[in-house]
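A short write-up of the structure that comes next.
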């Protein structure tokens, strides 16, 4: 149409929604699944996350990580929420996750409004999206219709990528769920919000190679990290994964990787490995490469991830209490 103009951001949003529609087709989930059975479902989750976030912003990255950790073990079925001995919740990678109380709060409200209708798995998926929005990231439509799983085993958490993991190993784990290298870089980019405990990276600061720190760390950054995490200090002390921008969902995380300021060894490898470095550069819009919009691609990858191992119909249940099997 003559005189019409669509901004690049608007066009990107149209493309993203088209991709979302294509991704969810045939997965058993769809946008607006509760529009008739529980019309206020998404607004109840959103307001609950917002209320908890206002008193404790740390729940945002906690809920985002929780959704990731759930989907990589038994699929996106809320099995990470189940209490009990030797459940996923008790496994090492999940011990420091935050935000369980937010899911429980939302579930209580939803059971009062629409008993036995909204799954814990969908609450977690919606809460992860709302957490990104609250930290000034993109909003996207979340397909819903998942049912909750009945199996939760700590031993299954070996599927989760570790903080020392090589890129090749990370790629294999992602590929097993239909996620490619771009998805890997985008989803790990969720580390733009949140913190890590010193115990998960302080080994990089002392006697890493030849008595010195990890050479991939910017030498000017090492003293700052050593001051925050002294040798033989408090391993539980937490620092931002995205130095200088830990509370905002943005591309500063990728800029830190480029500048040798990645906190986790597995994160910094996104820059030092050629197969992932290109995507970091494209998210940063570096010249000579076709740029990628991090927010849009993160949302696309989240939709792909949120359909891993989805349970529908009789394959799962709607738990009345997210921490217990019916």
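Backbone N, Cα and C define each Cβ position, glycine as well.
Pulled from TrEMBL:
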- 38-114: disulfide bond (DISULFID)
- 65: site 'Transition state stabilizer' (SITE)
- 69: active site, proton acceptor (ACT_SITE)
- 71-76: disulfide bond (DISULFID)
- 120-322: disulfide bond (DISULFID)
- 191: heme b binding site (BINDING)
- 192, 242, 250: Ca(2+) 2 binding site (BINDING)
- 198-229: disulfide bond (DISULFID)
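Projection of TrEMBL feature records onto the structure.
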residue : record                             : Cβ contacts under 8 Å, 6 or more apart
65      : site 'Transition state stabilizer' : 97, 190, 194
71      : disulfide bond                     : 177, 305, 306, 308, 309
76      : disulfide bond                     : 67, 70, 121, 124, 125, 146, 305, 306, 307, 308, 309, 310
114     : disulfide bond                     : 34, 37, 38, 40, 41
120     : disulfide bond                     : 78, 81, 103, 107, 148, 319, 322
191     : heme b binding site                : 241, 242, 253, 263, 264, 267
192     : Ca(2+) 2 binding site              : 241, 242, 245, 248, 249, 250, 251, 252, 253
198     : disulfide bond                     : 228, 229, 233, 234, 235, 236, 237, 238, 239
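Other residues of the chain with a Cβ within 8 Å of the Cβ centroid of 192, 242, 250, the Ca(2+) 2 site, are 189, 191, 193, 245, 246, 248, 249, 251, 252, 253, 254. Put plainly, the disulfide-bonded residues 38, 229 were compared by Cβ crowding within 10 Å, and the winner is 229.
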